[in-house]
Amino acid sequence: MKYQLLKNCAGARRGRIQFDRGVVETPAFMPVGTYGTVKSLTTEEVKDTGTQMILCNAFHLWLRSEQEIIKLHGDLHHFMHWYGPIITDSGGFQIFSISNLNKITEAGVYFRHPINGSAIFLSPEKSMEIQYDLGSDIVMVLDECTPYPVQWDEAKKSMVMSLRWSERSHKRFHELKNNNALFGIIQGGMYKDLRDLSVKKLIEIGFDGYAIGGLSVGEPKENMHHILAHICPQLPEDKPRYLMGVGKPEDLIEGWRRGIDMFDCVIPTRNARNGHLFVTNGVVKIRNAKYKYDITSLDIYCDCYTCCNYSRAYLHHLSRCNEILGARLNTIHNLRYYQRLMADLRDAIDTGTSQYFIEEFYNKTRNSYY
């Protein structure tokens, strides 16, 4: 993997990541395909939205005992018929999500299988082996994600252990002679001194890119913005920066303007299945009765398959009837919206209109976002 910074405008970055499997223009948004699928869509449909890279979850694929089946296909790319780059999440956030089922130790995480209740152990080394078998283009270290709020002492203890896990992940990754990329994950809660230490130590270890974890876990948006503004200037300019699990369109813009290159989140696909659709002027809640007789396009500025072929009234009908096609068409649109947003951000830097774009975005959506 090779990252090239093409342009920097007041902290916002325009870049390019070269993988063996293709090029990713940044800023970039990665749809979440937890089990090797972006829910309801084929990989061809995902690609048609402008998606360059997908995130899959190594932890969940491992829990489903799919590792050996995937190896029979060669790798995860062949298994799911996606031949662009794939990034895999190690499972740190999922471990955080099932905290009532786990016991975290220096060695790793002991937990009960959330499906069958069997005892399972996951170490940093095991996580590297799982992701190696998947053939991930970007591998994530195993870390611990702390909740919000958390006391300083607890945040420090967790962050220091995550650093030791990062060292072990780094060592095992290179023992496997993995030629793909390994990203470190910055932790430390809302405490700038802990974030500083995490950044410093991860840079000393040396990673191909740096992710910012432990955000969007319930903290006020202002806290997240302050942490991003504090961290990003400390990171190497020649390495990509990835904000994990964030978020809504305005979150992407705020992350980008502070120096983030890569994003992932379930929001566009999950919200699509719930009938919450992102449009140029904000959000359309398509199940609302006012759309029953609305024969206009969902978004006249959108070029996706859904907007080019179906009315709001039809999408309302599908949603009210709980038809699978509704979820599919909604997902196509929301993903295309996110990819158009990323393309607009790239264009704004290329043309020197970043500040104008941000102002226009908020002017259009001020009364509609939630």
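Just so it is clear, glycine is given a Cβ too, placed from its N, Cα and C backbone atoms.
Annotated Zn(2+)-binding residues in Swiss-Prot are CYS302, CYS304, CYS307, and among HIS316, HIS317, HIS333 the one listed with them is HIS333. Annotated substrate-binding residues in Swiss-Prot are ASP89, SER90, GLY91, GLY92, PHE93, ASP143, GLY214, and among GLN52, GLN67, GLN187, GLN234 the one listed with them is GLN187. The feature region 'RNA binding', as given by Swiss-Prot for the ranges 42-48, 217-223, 245-251, 364-370, sits at 245-251.
In Swiss-Prot, the feature region 'RNA binding' is placed on 269-273, out of the ranges 169-173, 174-178, 269-273. Beyond its flanks by at least six residues, the region 'RNA binding' (269-273) meets 31-32, 38-40, 327, 330-331, 333-335 of its own chain at Cβ-Cβ distances under 8 Å. All protein chains shown were included, and the count of other CB atoms within 10 Å of the CB of GLY91 (substrate binding site) stands at 25.
In the three-state DSSP scheme, CYS307 (Zn(2+) binding site) is classed as helix. You'll find the Cα of ASP264 (active site, nucleophile) roughly 11 Å from the Cα of ASP89 (active site, proton acceptor). Rounded to a whole value, the Cα-Cα separation of CYS307 (Zn(2+) binding site) and GLN187 (substrate binding site) is 40 Å. Neighbour counts were taken as the number of other C-beta atoms within 10 angstroms of each residue's C-beta; across the recorded positions ASP143, ASP264, the minimum falls on ASP264.
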